[in-house]
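Let me begin by presenting the structure, written as structure tokens, before commenting on it.
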Amino acid sequence: MKHSAKTAKKHAVSAKPAATTDEQGFTSVQTLRKRAREGLDKGPVTFTYTIDRKQLVAKLNDALATEWVCVLRYMRHYFSAEGMLAEPVKAEFLEHAKEEQSHADLIAERIVQLGGEPDLNPATLTARSHAEYKEGKNLRDMVKENLIAERIAIDSYRELINWIGDRDTTTKRMLEGILAMEEEHADDFRDLLNGWIGD
Ligand SMILES: [Fe+2]
Ligand SMILES: [Fe+2]
């Protein structure tokens, strides 16, 4: 039987690629094992990781800058707060500074897990941060500036979480935890402002 080039081509087109998933969409064990051996330098970032890592790392670096600017602003407020009401408010500033620091650490660690580099260049921190470094004119003004900064952080984290969606559930879960704390911080300052006596 004559085996023409045309026949060979027809066979090649009609040949189905080996199925990598079953009818429920689960990947075969062979494919899982094969994929795991490819791109080992990416560590935890595997075949099913679909989000653009560069974009996400850039967004996380913005959040990292924000957290650091918040640490610095809280510490500045902690050391310079004075007046009759200062002690309990100072304690609040210090507690928040420590918590923002822990957020920064979580974010930096995640950036490294994703194969990125945490950008802690102090020369560009305030420009990259969402929240501002406001010194505040007096104790009440400091509290107000911190409430504003927390509200900025809340909005930017919520946007980032929504953008990530289900494409990176680990990062999303981490950010959801941070967001919940920023909401608590904002609530603390709202309570302080609501009960404020004097200037
Ligand atoms: Fe934070
Ligand atoms: Fe906060």
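Backbone N, Cα and C define each Cβ position, glycine as well.
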Fe cation binding, same site as His103, Glu150, Glu182, His185 - TrEMBL member from Glu38, Glu67, Glu82: Glu67
CB contacts for His103 (Fe cation binding site) [other CB atoms within 10 A, all chains]: 25
Residue, out of the binding-site residues Glu150, Glu182, His185, whose Cβ gathers the largest set of other Cβ atoms within 10 Å: Glu182
Fe cation site, defined by Glu67, His103, Glu150, Glu182, His185: further same-chain residues with Cβ within 8 Å of the Cβ centre: Cys70, His96, Glu99, Glu100, Ala149, Ala153, Ile154, Ile178, Met181
For the domain 'Ferritin-like diiron' (50-199), mean pLDDT (0 to 100): 95
Composition by DSSP (helix, strand, coil) of residues within the domain 'Ferritin-like diiron' (50-199): 115 helix, 0 strand, 35 coil
